[in-house]
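To keep things clear, I will list the structure first and then write my remarks on it.
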Amino acid sequence: MRLVVVDSERCVGCQSCMFACSRSHGEAGLSKTCIMVRSVGGMEYGFVIVVCRACENPSCIKVCPTNALSRRGRGGVHLDISKCIGCGNCRDACPIGAVFWDDEINKPMICSHCGYCVNFCPHGVLKMEKGEGRHA
Amino acid sequence: MLKNDSFANVLYIDLTEKRFWIERREDLFNENIGGSGVAISLLHEECPENCDPLSPENPIIFAVGPLTGLFPLASKTVAMFKSPHTNNLGESHCGGRSAIAIRMAGYGAIVIRGRSDFPVYIAIHGNKVYFRDASALWGMRSSFTAGRIIREKEPGEGLRTIMRIGRAGEKQVSYACVTTETYRHFGRLGLGAVFGSKNLKAIIISGKRSLPVVDNKQYKRLYSDIYKVAVSTPAMKKYHDLGTPQNVLPLNELGGLPTRNLKETRFEKARELSGENFAENYLGRRIACAHCPVGCVHIAVLRDPYGDEPYFYKTSMISYDYEPIYALGFMLGLPDVPSFLKLMDKIEVLGLDVMSAGVILAWATEALERGIISIKETMGVEFKWGELDQYLKAIDLIVEQPNEFYQALARGVEYASSKYGGKDFALAFGKNEMPGYHTGPAAHLGYSIGARHSHLDNAGYSIDQKVLTKKSLSPREMAEALISEEQWRQILSSLVICFFAREVYKPEIVSESLKVAGFELGIDELKEIGKKIFYEKYKFKFREGFSFDSLRLPKRIFETPSPLGKLDEGYMRSVLEHVKEIIK
Ligand code: SF4
Ligand code: SF4
Ligand code: SF4
């Protein structure tokens, strides 16, 4: 299963998903969120949801010097934090900016497609889906 | 509160010296919770007696609550200052991203002192504060443009709030507002003028951090419970669907819709200006304050053709709500949605409180109609019900203040009517212009005795609704009902819970969620604190010269029948006596 953004046009920018992601990592607040909602340049134009899209051929994995990143079985990327040296290559390589950074330990944070946020999106923007295929 | 919580940090900013520092104020937050409670304490500390609200001595205080960032809907920021509009307690609440941004930057409150000698904007990124030259932004015609420029220059996208003023604030119109995130406002009582007097164009705040909780498992469980209630109660759903304008048709039906300066209580075009028509034909997008799953902010799309070329449009996005529709639509008799949106857009561009602006224009219209003023004073503007073009011209003149008449209008209806006459139909309570409910005595009593003269202080209109279906209340019962509601609301506004969510945050839930943040407060203790905060506000009001005996009830409210019939001045005066007795 992986997380997909089914329709960002329905997003109201409430950031409930961001807070949910942090909670799922055991923290209240926003510092541990792997999903980010921001306006498309003024809220009147709506929002973009920045989250790992589970690329088929992920840029982040290709640039990792230590093989800390690998493909997960059904989409998404797995981070082996013990191998990571915090070089930041993955963050720079992700074309959509979906590799977030944990400043406390200076290591990346990437969506694990756990689906916790989906339960807290009140407007049907996010969904868990089987298999491949891409969405808005 | 929890020992390691950044919530106890108060950020002090001195605009005169361009200096900032942080103080731990656990005392303040443990005793007063946050929001309104902390803000009124800080106001007592910071604001010298009888100071001029537009002088450097007047502080600006922002405060958020212990649940902000922890639970949904604790999404408001409370601003406190001495109001240049009423020369008394100024309190204004605003959502957008303001509350989350302040908490995520690591503060429970911010105090701004002094005055800069040149236009500045303040950028607060976590624990760093920058004073940036805003000379280029000062005097700009549109507050939207100023916002856009700051948005492009500053970091923190998605996590920041941008509070700014328009021309009205720069020119110190006493009811100038502060706009955040383009569509939310510190609307009432003139915070924008206080910004202007300090040469402060804008504040941007951003941050991203973790917050401590007592027990993470318990926290997650309680969050889910509250969230479920918030997204499933019908009371909240209505704010998402039609939003507050869903009130229009029912109020019109009842005959409680103040129309044409409250000469009438039903508007013949109510259907045109109803929530239904807005939603079906003009609604472009709905958005939410940060950490609010409801999303009650309704934004309309207006397509305005350019006259000089066919199929060429200016497209504007303008937010709407019940109160603006009341103030511009019904009070001025504007005939349709596009007229309303055009006037609203103008008011947003210049940065005025829309409720005050509408009521003032309505007063001017009736004053001209009655010959109290002439077009000599108005500089040729022919105020007339429904005449959009005249109102558009007037708004520009109010901000620019080219003559004495517009200088008076720039200070509110109380001031203008004391100068030109027409007090009987000058609809202000405690010098603040009237909100959109003529539902019965409790509405007007509520505006009169509420600490900030707002309809949200104690929701008198909802007491009217109860009276409508049940028995009437004795003056004593009425006084007690209004005061006890207002005292409980001090708790909600100290937690900075959006008042729309008051059904979600019942006393038990409040007490339980506070536990997660390390506050052990039972329901009775909470009620005591609410009471105390209420009295602290009144202490400030009395100190600054407020008195029940000089409270003016405009004659107009007794002339025009409400859904509960003609209001009885004797009854209302008697309620005020009881209120005075209880509060003294
Ligand atoms: S982090 Fe970015 S590059 Fe890597 S899989 Fe996700 S979306 Fe693709
Ligand atoms: S930061 Fe860590 S995971 Fe990312 S590329 Fe460098 S080593 Fe690999
Ligand atoms: S929870 Fe849903 S509606 Fe809210 S910001 Fe996230 S994606 Fe948008």
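Quick reminder: no glycine exception, Cβ is built from N, Cα and C everywhere.
Curation plays no part in TrEMBL annotations; they are all automatic predictions.
Per TrEMBL, the features are:
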type: DOMAIN; residues: A:2-21; note: domain '4Fe-4S ferredoxin-type'
type: DOMAIN; residues: A:43-74; note: domain '4Fe-4S ferredoxin-type'
type: DOMAIN; residues: A:75-104; note: domain '4Fe-4S ferredoxin-type'
type: DOMAIN; residues: A:105-131; note: domain '4Fe-4S ferredoxin-type'
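Averaged across the domain '4Fe-4S ferredoxin-type' (A:75-104), pLDDT for the predicted model comes to 94. Within its own chain, the domain '4Fe-4S ferredoxin-type' (A:75-104) is flanked in space by residues 1-2, 31-34, 36, 50-54, 58-69, 110-113, 131-132, which lie at least six positions past its ends and keep a Cβ under 8 Å from the stretch.
Using DSSP to sort the residues of the domain '4Fe-4S ferredoxin-type' (A:75-104) gives these counts of helix, strand and coil: 5 helix, 6 strand, 19 coil.
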